[in-house]
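What follows is a short report on a single structure.
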Amino acid sequence: MEEYAREPCPWRIVDDCGGAFTMGTIGGGIFQAIKGFRNSPVGVNHRLRGSLTAIKTRAPQLGGSFAVWGGLFSMIDCSMVQVRGKEDPWNSITSGALTGAILAARNGPVAMVGSAAMGGILLALIEGAGILLTRFASAQFPNGPQFAEDPSQLPSTQLPSSPFGDYRQYQ
């Protein structure tokens, strides 16, 4: 599955890091808004204030964590593309596993193995879903009849004579 809209590798890292930061900040903001609202004292003003405080406190931290994950994943993915010389789903699966292992390195080897397995499985599921979606979408639009590129291969049909002589304008 090739992605034609992706940036070249050095800029892909920055692009993915920024996208992950945005996704983490927005998603974390929504989650923290709900969490802050539920954990605040009774009263609309208290709940709204608690919700806003939770958003301001935790959403940027979650965005930063997502950005670290996205940047590290993209760096490993670009390195895999450079080393292997091809861009396929195995690069993403391996990058997800290595990213999970590296980010869990401070917690010991058992946590590294668990995070590597989760990262690899998660990325394998994402890549598999992308491949299935592409196959399903391409089956919706079957190829039409193939046209010959060389006009001499076409069967000769006799056109009616033209009132303008033997000149065939629309052949």
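Each residue, glycine too, has its Cβ placed from N, Cα and C.
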Pick from Cys17, Cys78: which cysteine does Swiss-Prot list as forming a disulfide with Cys9?
Cys78
Tell me which of the disulfide-bonded residues Cys9, Cys78 sits in the most Cβ-dense spot, judged by other Cβ atoms within 10 Å.
Cys78
